[in-house]
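**Q** For H69, H111, E146, the entry in Swiss-Prot reads Zn(2+) 1 binding site. The Zn(2+) 2 binding site annotation in Swiss-Prot covers E146, D180, H215, E260, and the record cites sequence analysis as its basis. According to Swiss-Prot, the Zn(2+) 3 binding site annotation covers H183, D228, H230, on the basis of sequence analysis.
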Amino acid sequence: MLKIGSHVSMSGKKMLLAASEEAVSYGATTFMIYTGAPQNTRRKPIEELNIEAGRKHMEQNGIEEIIVHAPYIINVGNTTKPETFQLGVDFLRMEIERTSALGVAKQIVLHPGAHVGAGADAGIQQIIKGLNEVLTPDQTVNIALETMAGKGTECGRSFEEIAKIIDGVKYNEKLSVCFDTCHTHDAGYDIVNDFDGVLNEFDKIVGIDRLQVLHINDSKNVRGAGKDRHENIGFGHIGYKALHHIVHHPQLTHVPKILETPYVGEDKKDKKPPYKLEIEMLKNGTFDEGLLEKIKAQ
């Protein structure tokens with residue numbers, strides 16, 4: 001079975017149940033959530049996440065595994081502000097606890113961090129320090145380090161940087177990788193013409209067994225732009241053919257594929273989610289040039 005889904009919202013009273021219902025409405029077989037708003041630290045207590053009803057709904061609809069994304073505000077790469085680093089460490093610990101409580105997620109996707117001017121090496125050392133403070137040998141969920149586009153002072157823009165972080169962490173069996181197609185493309189990897197070559201390079205430097213999550217996004221920018229702006233499937237510089245190849249790659253059949261493509265529409269208050277039609281299109285093997293119009297008409 002193809003494990004494919006998108007980012008969905010976990011909110012209101014229904015929480016995990018609402019997320020599962022949204023995912024199922026898209027024809028998804030997995031999904032990704034934030035356990036609260038990605039841009040702040042406000043979180044509902046675990047008892048209010050409606051876990052039991054959510055898990056039951058998932059089971060009824062054949063969804064076995066989901067992904068959690070850590071909030072953007074976590075930056076364990078910060079060497080200049082001890083309070084920012086500490087917030088990141090404390091909050092990551094809390095996210096591990098919350099994700100464990102869900103019982104259906106094995107991976108927490110984390111943007112490794114930004115060095116905020118101290119240099120990549122200093123940032124990487126700080127990320128290692130933070131992860132060493134957070135990870136324990138008995139935790140049941142992994143931290144999936146996301147491949148980054150290289151925007152600003154982001155660490156993790158190359159496979160070498162990801163490998164350096166992993167190598168420095170004591171309990172690194174608790175680390176995996178989330179491979180983001182838009183980010184890797186924007187960082188300069190040729191996933192359009194030579195994805196197999198890129199995957200081989202990843203295997204040599206990091207190890208393909210670490211690749212446990214895929215973010216499937218097209219890119220608004222040319223390869224190597226270092227920008228990180230997602231585009232709808234087939235409408236960017238990566239293109240449908242390359243993304244379809246990645247989604248159906250024989251070495252990655254077990255890996256959940258998560259779409260984070262933009263909502264569609266000119267009216268900011270009435271943008272439509274693209275995921276149902278994008279998932280269908282990635283399953284059926286044919287690019288639909290009229291997709292965006294169909295999404296708007298939903």
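Note that Cβ sites are derived from N, Cα and C of the backbone, with glycine treated the same way.
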**Q** Using a 10 Å cut-off between Cα atoms, which of these binding-site residues sit near H230 (Zn(2+) 3 binding site): H69, H111, E146?
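**A** Cα within 10 Å of H230 (Zn(2+) 3 binding site): none.
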**Q** In whole Å, how far is D180 (Zn(2+) 2 binding site) from E146 (Zn(2+) 1 binding site) when you measure between their Cα atoms?
**A** 7
**Q** Give me the sequence-ordered set of same-chain residues, not including H183, D228, H230, with a C-beta within 8 angstroms of the centroid of the Zn(2+) 3 site's C-beta atoms.
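**A** Apart from the listed residues, the neighbours are A149, D180, C182, D186, N217, S219, K227, R229.
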**Q** How big is the gap, in Å, between the Cα of H69 (Zn(2+) 1 binding site) and that of H215 (Zn(2+) 2 binding site), rounded to a whole number?
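**A** Just about 11 Å between their Cα atoms.
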**Q** Whole-number answer please: how many Å between the C-alpha atoms of H215 (Zn(2+) 2 binding site) and H183 (Zn(2+) 3 binding site)?
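**A** Distance between the two Cα atoms comes out at 9 Å.
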**Q** In sequence order, which residues at least six apart in the same chain have a CB under 8 Å from the CB of D228 (Zn(2+) 3 binding site)?
**A** M148, A149, K151, C182, H183, D186
**Q** For the Zn(2+) 1 site (H69, H111, E146), what does the 8 A shell look like? I mean other same-chain residues with CB within 8 A of the CB centroid.
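**A** Close Cβ neighbours, site residues excluded: A70, Y72, V109, L110, A144, C178, D180.
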**Q** Other than its own, how many Cβ atoms are within 10 Å of the Cβ belonging to E146 (Zn(2+) 1 binding site)?
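**A** Here the count is 22.
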**Q** Any idea what the Cα distance is from E260 (Zn(2+) 2 binding site) over to H111 (Zn(2+) 1 binding site), rounded to a whole Å?
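**A** Counting only the Cα atoms, the answer is 15 Å.
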**Q** If you run the three-state DSSP split on H183 (Zn(2+) 3 binding site), which class comes out?
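**A** H183 (Zn(2+) 3 binding site) sits in a helix per DSSP.
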